[in-house]
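Undergrad: Sharing a structure with you now.
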Amino acid sequence: MDDVTAILDHLNAAQREAVSAPQGNMLVLAGAGSGKTRVLVHRIAWLMQAEGLSPYAVLAVTFTNKAAREMRTRLEALLGLSLRHVWVGTFHSIAHRLLRTHWQDARLPQHFQIIDSDDQLRLVKRLIKENDVDDERFPPRQVQSFISGCKEEGLRPHQVDVHGDAYLSQMVELYERYQLTCERGGLVDFGELLLRSLELLRDNPALLAHYQERFAHVLVDEFQDTNTLQYAWLKLLTGMTTPMTVVGDDDQSIYGWRGARVENIRRFEREFTATKTVRLEQNYRSTSAILEAANALISHNAERMGKTLWTAGERGEPISVYSGFNDLDEARFIVDTLRERVEEGVNRREIAILYRSNAQSRVIEETLIRQGVPYRIYGGHRFYERLEIKNALAYLRLLLNRDDDASLERVINVPARGIGTRTVELLRQRAREAGVSLWQALHDGLADGSLKGRAGSALQAFADLIDALDNDSAGLALHEIIDHVIACTGLLEHHRNERGEKGQARVENLEELVTAARAFTQGESFDPPEAGEGAVALEAFLSEAALNAGEHEADEFEDSVQLMTLHSAKGLEFPVVFIAGVEEGLFPHRMSVEEPGRLEEERRLCYVGLTRAMHKLYLTHAEIRRLHGKETFQRASRFLREIPEEYLEEVRLRGQVSRPVTASRPAGLRQSEVNGGDDLPSLSLGQRVRHPVFGEGVILNAEGEGPRARVQVSFEGEGDKWLVLGFAKLTPL
Ligand code: ATP
Ligand code: MG
């Protein structure tokens with residue numbers, strides 16, 4: 001029994017209660033950093049050791065593949081045994097596993113391929129064009145999100161109620177055509193993975209019974225972000241009798257815009273029998289300054305289930321707020337500061353830079369690169385989403401499945417081989433008319449002589465190339481197949497001939513793909529293929545690539561600063577955290593400020609961001625930012641004002657620190673005159689000025705010299721602002 005109780009070491013009383021509770025439905029509802037994920041891992045260990053469950057009988061759902069890997073590693077450490085075969089994964093990866101195993105029952109071809117949202121969008125665009133649909137009334141992205149939305153709600157085209165609405169009917173028709181194309185090509189998008197596996201279980205009672213019997217306990221992390229379909233899937237799989245442990249935090253529900261339903265927490269409590277609810281109240285992650293600031297912020301939300309969260313930790317440093325005069329200055333501050341921290345002995349990987357929108361990363365990345373600071377983007381467009389990699393993968397997919405239209409379109413003329421858009425258009429038309437794949441249309445056209453001349457021979461050469469590659473790969477190991485494909489298709493040569501660093505980087509990436517394949521077959525990845533050869537290995541590799549796209553980390557081993565959006569930071573923690581762009585319109589995002597519901601979701605996102613930090617938190621914003629190609633004046637985010645001043649300290653130029661703007665400033669920083677340089681008027685404290693956007697105001701404060709000098713102006717309607725003379729166009733009155 002010794003090792004059984006050892007699992008309960010290093011847990012507090014409430015956590016212990018949750019971990020060792022008798023099997024039954026349980027909800028652990030608790031705030032950030034209170035040990036929810038820790039409880040989940042320990043509960044799995046407990047179920048295996050104390051309740052004697054076999055590793056096969058446990059199903060654990062996490063939010064990312066990375067989280068799944070971490071959970072597996074932690075479990076192995078706790079139990080001291082290898083657990084390669086426990087089903088731990090995301091909803092998508094688990095659904096994928098079911099579909100691969102039961103592809104016939106799921107009415108899928110054996111080598112079905114997963115398409116990501118990029119491929120999906122390309123397909124939608126093509127359908128809109130082919131069907132002469134007005135892409136202004138039906139923008140591809142909107143159609144795409146309509147399709148995904150339907151799938152998330154579990155709706156097939158015929159199940160969508162159009163109420164005789166012409167617009168909706170057109171949407172549904174596009175959905176239907178999209179679905180048909182996917183079926184024909186053996187393509188499965190992310191939403192389809194889930195919906196298809198739900199239907200698989202629903203329509204095959206014997207199969208369902210098998211899994212219901214197999215899984216003795218189902219556990220779900222980040223339950224607040226499950227959508228309707230995922231909830232239905234869990235209901236079906238457990239038959240509402242298999243006990244479930246779910247953990248979540250309503251204050252961290254941040255995927256409402258993508259269909260997540262925070263009310264699933266309440267539904268779970270209501271619908272699943274005898275649910276025991278456990279609350280954890282002690283936070284182990286953050287200093288009390290950070291935690292209390294986060295608590296204060298989230299208290300501005302009206303719709304909450306209500307939780308308390310405290311920490312026994314020390315108060316720690318206040319949160320530093322930096323107001324940059326523009327986005328470059330903001331980035332410079334971040335990079336200078338983190339370098340100081342690194343010099344003090346903090347590892348780079350312990351530092352995260354978080355931002356609301358992906359586009360914000362570029363300026364920060366450039367500053368990091370200039371200063372030679374290694375960094376990694378987590379969850380963004382990484383390795384598997386790079387153009388050259390996607391091209392190589394498309395060729396590989398064609399080897400397995402010639403009817404994969406999306407892949408064929410992608411590479412039919414990459415590198416250029418004389419197959420123009422007119423020829424491709426012709427192929428499409430033939431394919432559409434005959435209701436066949438592009439590959440089939442190509443062959444038919446060559447056979448009946450309607451595709452001839454230069455275009456005809458180019459097409460013939462392409463078809464021969466694919467067939468030859470397929471033949472050649474028999475008996476080769478996975479990485480040899482890939483090596484062969486990137487060489488013989490001319491992809492490698494194509495990028496070698498590109499001038500400059502970009503081409504070089506692409507060549508390196510292609511070579512890296514071969515390396516990745518070798519590592520994959522050697523079992524250095526999460527879900528190693530059962531048989532490591534030929535088509536089976538290739539298929540497994542392609543699936544892993546699709547599932548991992550967006551999560552891949554370029555270089556696992558170099559100590560790098562972590563960059564990511566606030567959304568992808570969920571569940572993670574870092575000793576030092578920067579949140580950049582804490583500005584109205586950016587964060588909260590301008591799309592969200594009008595609607596109270598969405599504003600609350602932005603605030604939850606901010607809460608998620610603040611609570612990632614363990615020891616030190618920096619919030620930065622810029623007064624001028626280049627957005628969508630033009631410079632705009634930005635106001636500090638309302639979220640900054642919602643954090644009580646006692647937890648904040650404002651950083652002034654070069655490490656000088658003062659109280660926030662409203663408080664009095666150290667005498668040393670005071671100036672009575674400021675001179676903006678030759679073309680600019682000289683201004684003094686107390687002077688009235690006019691600003692082209694903010695109107696009239698009074699100068700309260702000033703610092704610096706020349707065009708970069710800054711003044712603080714109190715505007716009538718807009719409050720106090722720091723402005724840079726060189727940009728602000730102030731007129732003295
Ligand atoms: P989030 O809401 O952000 O997902 P969480 O509730 O899942 O957070 P964990 O990530 O499990 O919280 O735990 C937060 C941190 O606190 C981790 O570093 C964890 O190891 C630590 N921790 C949790 N419980 C304890 C404990 N009883 N003793 C010591 N450290 C703990
Ligand atoms: Mg967690």
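Each residue, glycine too, has its Cβ placed from N, Cα and C.
Sharing the record's features from TrEMBL:
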DOMAIN    9-287  domain 'UvrD-like helicase ATP-binding'
BINDING   A30, G31, A32, G33, S34, G35, K36, T37  ATP binding site
DOMAIN    288-571  domain 'UvrD-like helicase C-terminal'
REGION    662-682  region 'Disordered'
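How buried are the listed features, and what sits near them?
TA: Around K36 (ATP binding site), taking its Cβ as the centre, 25 other Cβ atoms fall within 10 Å, counting all chains.
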Undergrad: Please check the binding-site residues G31, A32, K36, T37 against ligand 2 and give me the ones with CB under 6 A, sequence order.
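TA: Cβ < 6 Å from ligand 2, in sequence order: K36, T37.
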Undergrad: Provide the three-state secondary structure of A30 (ATP binding site) computed with DSSP.
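TA: Going by the DSSP assignment, A30 (ATP binding site) falls within a strand, counted as strand.
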Undergrad: For G35 (ATP binding site), what is the secondary structure state per DSSP, taken as helix, strand or coil?
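TA: Assignment for G35 (ATP binding site) reads coil.
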Undergrad: Across the domain 'UvrD-like helicase ATP-binding' (9-287), what does the pLDDT come to on average, as a whole number?
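TA: Mean per-residue confidence for the domain 'UvrD-like helicase ATP-binding' (9-287): 93 out of 100.
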Undergrad: Report the member of S34, T37 (the binding-site residues) whose C-beta atom has the most other C-beta atoms within 10 angstroms.
TA: S34
Undergrad: Near the Cβ of A30 (ATP binding site), how many other Cβ atoms are there if near means within 10 Å?
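TA: Looking across every protein chain shown, the total is 26.
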